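Structure first, then comments.
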Amino acid sequence: MTSMENITEVTEFILLGLTDDPNLQVPLLLIFLFIYLVTLIGNGGMMVIIFSDSHLHTPMYFFLSNLSFVDLGYSSAVAPKMVAALQSGNKVISYNGCAAQFFFFVGFATVECYLLASMAYDRHAAVCRPLHYTTTMTTGVCTILTIGSYTCGFLNASIHAADTFKLSFCGSNKINHFFCDIPPLLALACSSTHISKLVVFFVVGFNVFFTLLVIIISYFFIYIAIQNMKSSEGRKKAFSTCASHLTAVSIFYGTIIFMYLQPSSGQSMDTDKIASVFYTVVIPMLNPLIYSLRNREVKSALWKILNRFYPASFSVSRK
């Protein structure tokens, strides 16, 4: 029997998680369970608010509702398994389960890149061409941008999933991470990963820098338009409509670039884990807060919904 015949392909993986310290398992369980529940309530609530208030049926909120759905999607691809592993101690994930988690996480995360770019284009149209806004951001344009975002996202996920899971995993099946992400999976492969790493660098690089370029160009023209406004009130209003989006963009792209586009020799897996926690579970929780805390229209719509179900309590509390 040859040595090649003795090689056994991996049929399941073990997710090592954030830490193996038993004293930290319960605190981490409570923290991530809380974060995930806030994510579900925040993003689910944002979608309900937008769909239930006709005043929010505008391009900006159409994109925002899709962003909430996407945040739910890629957070749900990771958080439930992580919480279950912390609760039960069972860190095993099947090969197919790992591939599915990988596919949906990469897909939804890439969709978010393109949605953020679409939202920047929408803000550019609103600030730079307000008189033509309704003819620029039509229902058809918004639909095309959204469908294009999902298409690019899951096309990207298909490329990475096919490229990663064609590799041979015949050695250790212990993934030094809390979910099936690209870097730790490539580290486990027993076949050459040179081509796969090039695919990651160039495909992720294209998606990130193309969408980031759209955002930068949009905000360059937005900045010029704001500087040319004579009214300080107009400047303040224009800036406030963009501030939330800029905050979300900065946090999201900062962590994505740190994770996937720096030289592999310049990062440790533990550092990767910390960054991964941020963009897999923290950012989806923060986005609805970022977009709602300074948004009067969302707050007003929320009060209307609460007043509809609890008229006595909330009519008094608003006075």
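Glycine is treated like the rest: Cβ placed from N, Cα and C.
Positions annotated as topological domain 'Extracellular' by Swiss-Prot, on the basis of sequence analysis: 1-26, 77-100, 156-197, 260-272. If you look up Swiss-Prot, you'll see N6 marked as N-linked glycosylation site. Annotated transmembrane segment per Swiss-Prot: 27-47, 56-76, 101-121, 135-155, 198-218, 239-259, 273-293, in sequence order, evidence recorded as sequence analysis. The topological domain 'Cytoplasmic' annotation in Swiss-Prot covers 48-55, 122-134, 219-238, 294-319. Per Swiss-Prot, disulfide bond is recorded for C98-C190, and the stated evidence type is sequence analysis.
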Q | Residue, out of the disulfide-bonded residues C98, C190, whose Cβ gathers the largest set of other Cβ atoms within 10 Å | A | C98
Q: Answer yes if the transmembrane segment (198-218) and the transmembrane segment (101-121) have at least three CB pairs under 8 Å among residue pairs 6 or more apart in sequence, and no otherwise.
A: yes
Q: State the mean pLDDT for the topological domain 'Cytoplasmic' (122-134).
A: 91
Q) Counting Cβ pairs under 8 Å to the transmembrane segment (27-47), which of 56-76, 101-121, 135-155, 273-293 comes out on top? A) 273-293
Q: Tally the residues of the topological domain 'Cytoplasmic' (48-55) by DSSP class, grouping H, G and I as helix, E and B as strand, and everything else as coil.
A: 7 helix, 0 strand, 1 coil
Q: Residue list, the topological domain 'Cytoplasmic' (122-134) vs rest of chain: Cβ under 8 Å, 6 or more residues beyond ends.
A: 59-60, 63, 142, 218-219, 221-222, 225-226, 238, 241-242, 245
Q. According to DSSP, does C98 (disulfide bond) fall in a helix, a strand, or coil?
A. helix
